[in-house]
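Below: the structure, in C-alpha cells.
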Amino acid sequence: MSQVNLVEKKADELPGINARTSTTKLSKAKAIAFKITLVTALAISASTYFVKRPLNGSTVGTLENGVDLCPQVDELVPEKNGVIWESLQHVYSTEEFKTRAIDWLGGAVRIPTETFDDMGDVTEPVWEKFLPLHDYLKDSFPLLHSNLELTKVNTYGLLYVWKGSNSALKPFLLAAHQDVVPVLETTIDEWQHPPFSGYFDGESLWGRGSCDDKSGLIGIMSAIESMLENGFKPTRTVVIASGFDEEVSGIRGASSLATEMIERFGENAFAMLLDEGSGYGEVYGRVIAVPAIAEKGTLNVQIKVTSPGGHSSLPPPHTSIGMLAELLVQYEKNPFETHLTRGSPTYRNAQCMAQYAPGVSSSLKEHMLHAEHCDEALRAAQEELFKDRTFMSLVGTTQAIDLVDGGVKVNALPEQAWAIVNHRISTESSIAATKVRDIELLKSLANDFNLSYTAFGSYVSNEDAPSYGALTLSTAFGDGLEPAPVTPSGEDAAPFRLLSGTIKAAYNSHRNISGSDAIIVSPGIMSGNTDTRFYWKLTDHIFRYGHLEAAGGGSLPSGVHTVNEAISINSFVGMIGFYTTLVLNVDESSLP
C-alpha cells in the first residue's frame, strides 16, 4: 500500500471523517500546499499522527504513518570503556575539576595569539607569539606530552599522535586552532573584563579565544590528560591537528598540516574528523544540537571601472565612481535566487525542527511532512522558512559589498573605482555558476555606459569596439573556495550516528539525566569556513561541532569575533565531557 493510500485509510478510520469525501474548509496556505483531500483529515486530527514513542530505541515524535523526518539514535554510552567513562564523569562533576578547567583555559586565554591578514611568512618575528602558548601547553598537560608524539609543522602547527594498539583501524582526527581574531584597540573599553585577562567571574571565563577556539584546543587536551590520568590506552590511534592561522584562512597552518597528514597517513585514512563548529541550544521550544555536515563556498569578486580623468569642473554624465555605484545597486536589487533543496543540510535541519520543535507552526509541520514528495508543499515550506532571513542566507548563495575605493582628489575626476563583493556559495552551487551569474548581471549596464567588458580573464564585449571606459570583473584574495563535500548523515552513516549518540550521552551525563529525547540532533551547515577546508582528502566524514551551549542551537556563543567573548565554565566542563565520551566511543566502535 502506498504512503498516500495508507494515510487515507487511517483518515477514513477517524470518527466522522472520510479522507475522500470530507469538505472541511482548509486555510489558503494549506490549500496551496496540499491539493489532495487527505490533508483535511491531517489538519483536523494532527495530534493523532504526531505521537510520543517510548525510549526503547524508537524515536520520539515519529509519525504514526511511518514517516520519520528526522531519525534519531539513542544516547551512546561507552561500554568497553565504561568504567573509565563513569569514573571521569564523576571527576568532572567535582569543584576540584572545575577549578582545574578554569586554570587550564584561563592560562591559554592570557597568552595573546592574534593573527592579522598581513603577517607574512612564518619566518617573520611576529609569529613568535605562539611560542609561549606552546610552552604553556607542554607545562599544563605533562601526561599528554609524554605519551603523544608531537611534530611541529611549518614551525607553529602542532600535530599530536596518540598511537593505538590496533594499527589496522583508521585513526580519529580532532582539530582546533591556536590563533584568535584581533581585539581592536578602540573597543577595549567596551569589554566588561580585559580581553586577555582570562578573568573568571564565578560563572563565566572572559577573554578573546575563550570560545573561538582555545576552548576547543584546551577542551581536547583536558579530556586526553584526564583519560591518561585514569590509565586509558587507546585501541584506535587519535590525532590532534592544531593550526595557527585559521582566522586568516589557514594557508600556513592547516594547509601544511594537511600535507603532512596526507604524506604520513594517506588519503581517506581517517575514520572521521571533528573540528570547531556550532553547538546546541533551544530552538522553537526544543533543545537541538546542530553538527555541521557542510560548509558554504566563498568567492570574492572585484568590480573595477576605469574611465578618462580630467578636471572636475568639466564632468562627464557619469564618473567612474558614479558608474560603479550603479553597478553595485544592480547587485543589491538582484540577490541570488534561493531555493530549498531536498536532501540539503538546511532542508534536513528544517525537517528536524518541523518534527521535534513544539514552537514550529502547524502549517510548517504539515508542509515539511509532505515536502519530500510534493513540490507545492516544498515551496510552501520554503516561503514560511524564508521569513527568517538568517535561515534563508544559510540556504542560498549570498552577496555582500564589503570594500569600496575610488578617487584621489576632490577636484580630479576619478580615473578608476572598484569594489569587492563577497559571495558565500550554496552547497548546491559552485564557483563557476556564481561567476556566470555575476557576468550576466552587469551586461546591460556595461552596454548602457559604453564600457568594454572583461570578466575573469575573458572578453564579454567585442574587444575591438570603441568604448568610453572599461568594466573588469576579477577574483580577489585568491581564486575562491568551492562548497565543501557534504558529509553523509543518513540512517546508514555510522560516523554521524556515533556522533549523534555521543552528543546525547554527553548532554545527559553532564545534567545527570537519562533518555534520548532531552536533546535532538540535526544536521546543519556552517556559513563560514574552518580549517577543514584543507582536510577534504583525509576522510568523507567531516563534522564541525563544538558542544557549546548557545542561543538558537546552531548559532555561535555571544561575543565570538566581537567584544565580551566569554564562556560559561559549566558549559566548558560539559565540553570536556563531550570530547572524552567521543574519544571513548570512537575507540570501541566498529568503524573501519
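The backbone N, Cα and C atoms fix where each Cβ goes, and this holds for glycine too.
Positions annotated as Zn(2+) 2 binding site by TrEMBL: H177, D212, D275. Here TrEMBL flags D179 as active site. Feature annotation from TrEMBL assigns Zn(2+) 1 binding site to D212, E247, H561. Feature annotation from TrEMBL assigns active site, proton acceptor to E246. The domain 'Peptidase M20 dimerisation' annotation in TrEMBL covers 293-433.
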Residue, out of the binding-site residues H177, H561, whose Cβ gathers the largest set of other Cβ atoms within 10 Å: H177
Nonlocal neighbours by CB distance (under 8 Å) for D179 (active site), same chain, sequence gap 6 or more: T113, E114, T115, F130, G243, F244, D245, E246, E247, V248, G253
Fewest other Cβ within 10 angstroms of its own Cβ, chosen from the binding-site residues D212, E247, D275: E247
Predicted model, mean pLDDT over the domain 'Peptidase M20 dimerisation' (293-433): 97
Distance, H561 (Zn(2+) 1 binding site) to D212 (Zn(2+) 2 binding site) (CA atoms, angstrom): 8
Residue pair H177 (Zn(2+) 2 binding site), H561 (Zn(2+) 1 binding site) - Cα distance, angstrom, rounded: 14
Secondary structure content, the domain 'Peptidase M20 dimerisation' (293-433) (per DSSP, counts of residues): 57 helix, 34 strand, 50 coil
Zn(2+) 2 site shell beyond H177, D212, D275, criterion: Cβ within 8 Å of Cβ centroid: A175, A176, D213, G216, L217, E246, E276, T530, D531
CB contacts for E246 (active site, proton acceptor) [other CB atoms within 10 A, all chains]: 28
Any further residue of that chain within 8 Å (Cβ to the Cβ centroid of D212, E247, H561) of the recorded Zn(2+) 1 site: V180, V181, D213, V560
